[in-house]
Amino acid sequence: MVHAKSWTLKKHFVGYPTNSDFELKTVELPPLKDGEVLLEALYLTVDPYMRIMAKSLKEGDMMMGEQVARVVESKNSAFPTGTIVLAPSGWTTHSISNGEKLEKVLAEWPDTLPLSLALGTVGMPGLTAYFGLLDICGVKGGETVLVSAAAGAVGSIVGQIAKLKGCKVVGTAGSDEKVAWLKKHGFDVALNYKTVKSLEEALKEAAPEGYDCYFDNVGGEFSNVAITQMKKFGRIAICGAISVYNRTSPLSPGPSPEIIIFKELHLQGFVVYRWQGEVRQKALRDLLKWVSEGKIQYHEHVTEGFENMPAAFIGLLKGENLGKAIVKA
């Protein structure tokens, strides 16, 4: 008899989520049917997109999300007991799956790397950085790249891939600690956007000739300013808008249409799940190789204990994490 603990949405968020918006429930799972497996969560992820996706949940629904899990009981020959998988099981300690949405961790995964990276640098955030920079922005060596939220799970990888491709990289973050981390890991310029006297002047000083590519993780007023610093024919990959996800007032106006028109800018939003099949597997292998070779550095902000899922999520939205926010079950 297995009891699963699950975090559910008690009430919809108003502004930043609070602990009282969540409720921890325990349910008894049924015996396995043929073709099913029982999963036990090892690591769980919290990500900004959950703030938006939670709007589509009904109160009482379990919070969504991926986890690295171990198969602890199996009636499915494709996933024997002990298999490590990525599972979209949500915020739960145990779950039952028929195997259709499970993904085994790469066979070549070395013992020297933590499995939690499959939720970060060698997972969805890493893939977001990879495809957003290489496919959407299409960066080339010698170009100048601006990355907002550069010390986050996605931005930190964007900047390092851009350096691997021979680009000049300017990153912005919200604390001096994060700025120091960016400088340590190869960013040519790193700025604390909260303390610069003028964001426009700071971005201009960092790249007087402008930016070829802007990887946008924050949206809002920051991005309105960043767009003014783009070169003609600049490309903007719109990945996220974390600066406005928790707003309680109307959204402020977007960037000036005149700038977009006369600079002939290309702005494109994207979601990483567009890339599937072999192209996705190649990207995962590339990311794993770069991490294994030390060409990409990672940092995890690990919260211990499944009971602290809400706190980890709230901290992420408030920018308390450096690198990927992970919960160790």
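Backbone N, Cα and C define each Cβ position, glycine as well.
As the structure is a computational prediction, the values presented were derived from the model and not from experiment.
Per Swiss-Prot, the feature phosphothreonine maps to T18. T18 (phosphothreonine) is surrounded by 12 other CB atoms, counting those within 10 A of its CB over all protein chains shown.
Look at Swiss-Prot and you will find S20 tagged as phosphoserine. The Cβ of S20 (phosphoserine) lies under 8 Å from the Cβ of K10, K11, each on the same chain and at least six residues away in sequence.
Secondary structure at G155 (NADP(+) binding site), taken from DSSP and collapsed to helix, strand or coil, is helix. Shown in sequence order, A129, V147, S148, A149, G171, A173, F215, N217 are the residues of the chain, 6+ apart in sequence, with a C-beta less than 8 angstroms from the C-beta of G155 (NADP(+) binding site). Under the heading NADP(+) binding site, Swiss-Prot lists 152-155, K178, Y193, N217, 239-245, 270-272, N321, citing similarity to another entry as support.
Residues or ranges marked as N6-(2-hydroxyisobutyryl)lysine by Swiss-Prot on the basis of similarity to another entry: K178. Under the three-state DSSP scheme, K178 (N6-(2-hydroxyisobutyryl)lysine) falls in the helix class. A simple way to gauge crowding: the CB of K178 (N6-(2-hydroxyisobutyryl)lysine) has 25 other CB atoms within 10 angstroms, across all the protein chains here.
Marked as N6-acetyllysine by Swiss-Prot on the basis of similarity to another entry: K178.
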From binding-site residues G152, A241, V244, V271, the one whose Cα lies nearest T18 (phosphothreonine):
V244
What is the interatomic distance between the Cα atoms of K178 (N6-(2-hydroxyisobutyryl)lysine) and G152 (NADP(+) binding site), given in whole Å?
9
Please identify which of G152, N217, A241, V271 has the densest Cβ environment, defined as other Cβ atoms within 10 Å, among these binding-site residues.
G152
